[in-house]
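Asker: Relevant sequence annotations retrieved from Swiss-Prot are reproduced here:
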- G81, N112: anthranilate 1 binding site (BINDING)
- G81, 84-85, T89, 91-94, 109-117, T121: 5-phospho-alpha-D-ribose 1-diphosphate binding site (BINDING)
- S93, E226: Mg(2+) 1 binding site (BINDING)
- R167: anthranilate 2 binding site (BINDING)
- D225, E226: Mg(2+) 2 binding site (BINDING)
Amino acid sequence: MAELKPLIAKVANGESLNREDARTAFDILMSGEATPSQIGGFLMALRVRGETVDEIVGAVSSMRARMLPVSAPANAIDIVGTGGDGIGTYNISTLASIITAGTGLPVAKHGNRALSSKSGTADALSALGVRLDIGPDLIARCIAEAGLGFMFAQMHHSAMRHVGPSRVELGTRTIFNLLGPLSNPAGAKRQLLGVFSPRWLVPLAEVLRDLGSESIWVVHGDGMDEVTTTGVTHVAALEDGKIRTFDLTPKDFGVEPALMNDLKGGDGIANAAALREVLSGKRNAYRDISLCNAAAALVIAGKAETLSQAMTIASDALDSGKAAAALDRLVAVSNEANSGQE
């Protein structure tokens, strides 16, 4: 096994790692060969100097090589955020994923429990009755039958256990906050990816381009890792191998601007109840912002040509009950787990 010490020294001296060296470093971290001090020192040296595109590509390559894969259709999309925006909103990408599934576009959603908020995707889905601890075959069935499957990060990235304690002890953001959303176990090549800071918009679009993604929007909206209805959403879009940047406002989606307080959520149980209310017909700011994110996903996937058309398709999936049916089917199929599928 290669040595981590010279790579730590290199980063500590302000130098950047090439992709090969970054891959080597993260192979060492993920194999359990590094000490807690080495892990903490390396992660903080990267953080203080600033992670580069090549370093993230190398790290993601290491993550992907070790993940437990899931089979999904080629046109599947992932709607995911880095988390870490510290705002504590409702589970927007979760509801957007359910709506998107209701339109007939398959969603291979990757996520985790809350880290900095009260409710991550896993918390809300668990409260809705979705079983999380299921194997790849059953997740693939969920995607095929419900149009939506959830891949619980800790089930698919077991090598992360080697760095978990150090991350907790550091108590601050590291490169790993970026790696999860870039390491979808279903290999989804289409993504709506929300980031906690606008500085990561173009770099992460470049990372995903270099890793073979096809159609991606990396978004940041008014402090949130989502398309927002409270102000301007900044977008870096990967289309046909090229990256372009643009801004969106609520007007582009045909919705009224919202106040941030109208989007503040609670814990998993409270957020699950709010999500069910929208599926049952409640019209509020949570509905609007989730529709906007679903609409963005439809445009990314080529299921709609314009945001206006996409909003119509997404609204129909919600109002017709197709989105609610997708969730109900996800709950049913995920709970069919037996000892052979654990």
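Glycine is no exception: its Cβ is also placed from the backbone N, Cα and C atoms.
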Asker: Near G81 (anthranilate 1 binding site) in space, meaning Cα within 10 angstroms, which of the binding-site residues do we find among S93, R113, D225?
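Answerer: Those near G81 (anthranilate 1 binding site) - Cα within 10 Å - are S93, D225, in sequence order.
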Asker: Where the distance is taken from Cα to Cα, which of the binding-site residues T89, H110, N112, R167 turns out closest to E226 (Mg(2+) 1 binding site)?
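Answerer: Ranked by Cα distance from E226 (Mg(2+) 1 binding site), first place goes to T89.
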Asker: Let me make sure I understand the structure: which of the binding-site residues listed (D225, E226) has the fewest other Cβ atoms within 10 A of its Cβ?
Answerer: D225
Asker: Looking only at C-alpha atoms, tell me how far T89 (5-phospho-alpha-D-ribose 1-diphosphate binding site) is from D225 (Mg(2+) 2 binding site), rounded to the nearest Å.
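Answerer: D225 (Mg(2+) 2 binding site) has its Cα 10 Å from the Cα of T89 (5-phospho-alpha-D-ribose 1-diphosphate binding site).
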Asker: Of the binding-site residues listed here (S93, R167, D225), which is spatially closest to N112 (anthranilate 1 binding site) when Cα positions are compared?
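Answerer: The smallest Cα gap between N112 (anthranilate 1 binding site) and any of the binding-site residues is with S93.
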Asker: Ranking the binding-site residues T89, S93 by other Cβ atoms within 10 Å, which is at the bottom?
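Answerer: Least crowded of the binding-site residues T89, S93, by Cβ count within 10 Å, is T89.
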Asker: Please identify, among the binding-site residues S93, H110, R113, R167, the one with the smallest Cα-Cα distance to D225 (Mg(2+) 2 binding site).
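Answerer: Closest recorded candidate to D225 (Mg(2+) 2 binding site) by Cα: S93.
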